[in-house]
């Protein structure tokens, strides 16, 4: 992707400072054309791809930063911190007289865009020695609110491996005592903070560790060593040693001058150079992209129901950044027969995405690789956007060794390292067969494989169009309108990003017939009541008590995106059922060997979902409860529209696609504030705001003033609309009207 930038486009430069503040990027200094050093400051507004050259005010005392390269430029809050670098004492760029710097500047930023100016903070303690090509990061412990800046390594005639700490609140420099094996002296390495760890990778290191600096060729070399510093305990932990062999090319090769960026708990490493070839008289650059999953992903949000039919659910959940897929499971209220004729031996021991251990997992994303066949997974594919991940997406690893096609590689304890091969974008819509026993790739065109739910801003009128086709057995849809985006009928947005997304969720409400009482996720509604305000708490059902420990969870499948249409689930062999219940993140079985069970009408199913990355299956979400529809009742209203006016909003909808008889009336409900919500926030209380034959209603400002704002995912006002026929009310359509940052009256 090469964006069409405009404005004050800076010249190409190297060894510059670079920080990202939200959607803006600041670039300072570096070497520009003809070897000239720069002290220019540029700002890029990435939301508009607009460059602007900014001119900060000079410090009240002293001079502004001189032209330089190889400096560090770190962001914390609304300030950037500039340290060190290399300057040229000569005014002639062809006559380089190097001068290593250890000056320290603070740059105050304006909110959103622009800068205020430079200042020279008065610091205490001993300044770090002059250097360039070092790294600097900022870290603030959660329990101790004082932010610290850490400077490591660099170059000052020779490579360095000293660690310096600056307390930003007191502006005091110190050298913390560290434990563990200190990494070799290095420059042009990278350092990134994830959690409480500073990950250091690559760089130039000495050829030998004898302490003597020789002058012959080959004195320095690139390294592929990888380690981290625990910033709470200041202990160094090695992950990939400097002398570790990698004949299988499952680790990033030695390099320096590369770039690395942390996205969530994942670290991406891109490019760099692996040394200087004198015979070629040039640098040898890398073109590979790697990423490291440092820990298992967090639990996703609760599963939300979009639509229910008599034998299927259309569900979604909030996506988790930088994950490979999601494991969706369900539990049925009614007894489910165990799979017969299936032996536990049929489930492979080294199955997909092992959840053992809590270490890191490293993957490579080459630009192009030969196509590798994949094992076939028996699932229905209603559309080319179906994204069900095959079972064997990653080899299972022990805590202290790496197995790659039968060969072992030594790795650090509590860390698992594997290679992932990414396919081209054209192949990202499906999976092929494979017989490879060890390194089975996750199919994707980019490191992030989950679909993002689109946010809509500043929209007066929006439409939700539910997908009428829910015939798939097990599938997930990448661009489902009801789950991902809301179409606008307004022509006034001019293509701008719009706000207050209206997402569609369907739930099963209790009908007027007693036998149709059902439960829904965290909320319950009795539509048979005639009072305007009622609690969503349902009447008691006569059910056999089920202990949590006896509850059996069944896999629906592994999904690449954060939505699915579920009409079947997989039955586990009897021998595996007890083991699966004991382990929250048990290994995923080979679905090809399992039988499938259809969903039944009028049955309550409980759902939970867990995210998957290279480290394994993360914790499961909170449990949601949905019930399949009973035949004969009307379906949920569709194509819900919300139109804002000055003093009210207008709700409108279309009749159910499958009315199952004449529609006698519609009811619309609004979630309202209640003392019951303070006692149990998950139990929404609804007030009926409309009942009649029309397919539209007006919600007054007075009614909206009493609305409850739901914060389970994003702040939203919740509406529900249901239809009634001769048998009673069917499932309702739930609309979450996103509100952005608002204040809630108590």
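Glycine residues also receive a Cβ, built from the backbone N, Cα and C atoms like all the rest.
Among the ranges 443-465, 466-488, 489-511, 558-580, the stretch that TrEMBL annotates as region 'Disordered' is 466-488. Of the candidate ranges 317-349, 383-415, 515-547, TrEMBL annotates residues 515-547 with the feature region 'Disordered'. Checking the ranges 350-370, 581-601, 602-622, 623-643 against TrEMBL, the region 'Disordered' annotation falls on 350-370. Mean model confidence of the domain 'Fibronectin type-III' (538-631) amounts to 78 (pLDDT, 0 to 100 scale).
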